[in-house]
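Structure record follows, encoded as structure tokens.
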Amino acid sequence: MVAVALQPKPGWLVLDACAAPGNKTVHLAALMRGKGKIIACELNKERIQRLKETIRLAGAASILSEILSSSECCL
């Protein structure tokens with residue numbers, strides 16, 4: 001529901017600060033119709049692997065610009 005509330009448009013740059021396991025991230029990608037960039041951040045390194053797998057399974061990897069730990073996102 002968070003992705004729908006944001007109402008992202010194709011071409012937007014979106015920061016997903018607590019991205020794992022990836023459901024919100026791939027929902028954002030779908031709403032953006034594969035156009036734009038999503039920066040997905042996750043603090044827990046083990047959960048980053050789950051995030052990557054969810055993105056791969058959804059076929060959303062083409063618009064995901066980077067997967068970063070939360071500390072890297074908050075520069």
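Start at 1 and count along the chain as shown; that gives each residue its number.
Here the Cβ of each residue, glycine as well, is placed from N, Cα and C on the backbone.
Unlike curated entries, TrEMBL annotations are predicted automatically.
Because the structure is a prediction, the values reported are computed rather than measured.
Copied from TrEMBL, the annotated features are:
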- 1-75: domain 'SAM-dependent MTase RsmB/NOP-type' (DOMAIN)
- C18, A19, A20, P21, G22, N23, K24, E42: S-adenosyl-L-methionine binding site (BINDING)
Worksheet item: Which site among P21, G22 has the most other CB atoms no more than 10 Å from its CB, taking these as binding-site residues?
Response: G22
Fill in: Number of other Cβ atoms within 10 Å of the Cβ of K24 (S-adenosyl-L-methionine binding site) across all protein chains
20
Item to complete: Starting from the Cβ of A19 (S-adenosyl-L-methionine binding site), draw a 10 Å sphere and report how many other Cβ atoms land inside it.
Response: 29
Worksheet item: When the number of other CB atoms within 10 A of each residue's CB is tallied over all shown chains, which of the binding-site residues C18, A20 has the maximum?
Response: A20
Worksheet item: Other than C18, A19, A20, P21, G22, N23, K24, E42, which residues of the chain come within 8 Å of the S-adenosyl-L-methionine site, judged by Cβ distance to the Cβ centroid of those residues?
Response: D16, T25, A40, R47, R50, L51, T54
Fill in: Cβ-Cβ neighbours of E42 (S-adenosyl-L-methionine binding site) (radius 10 Å)
25
Discussion item. Please list the DSSP helix, strand and coil residue counts for the domain 'SAM-dependent MTase RsmB/NOP-type' (1-75).
Written reply: 35 helix, 14 strand, 26 coil
Item to complete: Report the largest Cα to Cα distance, in Å and rounded to a whole number, among the residues C18, A19, A20, P21, G22, N23, K24, E42 that the record lists as binding S-adenosyl-L-methionine.
Response: 13
Worksheet item: Within 10 Å of the Cβ of N23 (S-adenosyl-L-methionine binding site), how many other Cβ atoms are there?
Response: 14
